[in-house]
Amino acid sequence: MVTSNNKSRPVSVPSPSGAGAWGPGTASYLLAVALCTATLIYGLLPGLLAVCAGHLFASALVGLQRLRGPHLRPAWASAFVITMPIIALVFLFANAKGMAFGAVAQYQALLHHLAGTVLEIRQKLPPDLASHLPDELLSAQSWLVEYLQSQAHALTGFGTAGLRGSLLVYVGLVVGALIVGTPTPLANGPLRQALRQRGADFMAAFRQIVVAQFWIAVFNASCTAAFLWIALPLFGVSIPYSATLVGLTFVAGLIPIVGNLLCNSVLTIAGVSVSPTVGLSCLLFLVAIHKFEYVINAKVVGKRTNTAAWELLTVMFIGEAIFGVAGLVAAPLYYAYVKRELHDSGLI
């Protein structure tokens, strides 16, 4: 009977990831869930993303050298990833003092500018159109103005929070690079193997979602820069805070779908501050750009993760409702990781 029961088990069960109901596989899954949850609860998501980025950069350097030149030791690749941010920071500090504080001031000014535009939207619109606006718009205007002003006030405390976040990101970058540079220990217990597999699956999901979204954000920011700095000036139009808008477009573009909505709203309001016609042209431009982006997103992200837009929206709204902005950012990555684990287990 024992032999019969063993033969009836799936082939994948005897692996380290499935040794018993409470074996190494189950323990590795529980640890992965605990780690992902803790990063959201304690504000460690930037560090986790930096760990993945450091691991990805160091691995890419090792792989690139193996293909194009002499063998580069993982330790040297890790050292390069660790030291480059320090060198870049020293260079920026020596040549661009106050740049970070100037950027914060620019975003504060942009938020105040948007708040003023929202208050004056009735005066900006033609009288015939403004007379048909519902009275409820006034309460919506007041709420939006208060929100924008509160966000501008919150940026005054960016100094300490920004320093803490930068330190967290750098520590994560160091950890990720050291994982690549540290030799694999000879003793490989079943739990170690299972945890290594969880990490490999998470890194695969990171490459699928984050790297693809990075190039989409670059595409969005490049098109926005061309629109604000080339297309509009040809017609004698200049939108204030254009450099800040381009930077915001890139950062918001790293967040799938919801980031697009944020960019649409901000850029359209900034266009309305010049004139309703400019605001409409900004909206039409964004619609056209996002049509191209949807094609890119479907080919780059959709094919890799087999994830539909409604799935991303659902998990992002749930993540934001539970964990706030961190949950919104982490939801696509965590969802891709969960789907990958389920797929590897043969459940989907």
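Note: Cβ is positioned from N, Cα and C throughout, glycine not excepted.
Quick look at what TrEMBL lists:
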type	residues	note
TRANSMEM	29-62	transmembrane segment
TRANSMEM	74-94	transmembrane segment
TRANSMEM	167-188	transmembrane segment
TRANSMEM	209-232	transmembrane segment
TRANSMEM	238-259	transmembrane segment
TRANSMEM	266-289	transmembrane segment
TRANSMEM	309-335	transmembrane segment
Segment-segment contact (the transmembrane segment (238-259); the transmembrane segment (29-62)) at 3 or more Cβ pairs under 8 Å: no
Contact check, the transmembrane segment (29-62) vs the transmembrane segment (309-335), 3+ Cβ pairs under 8 Å, seq sep 6+: yes
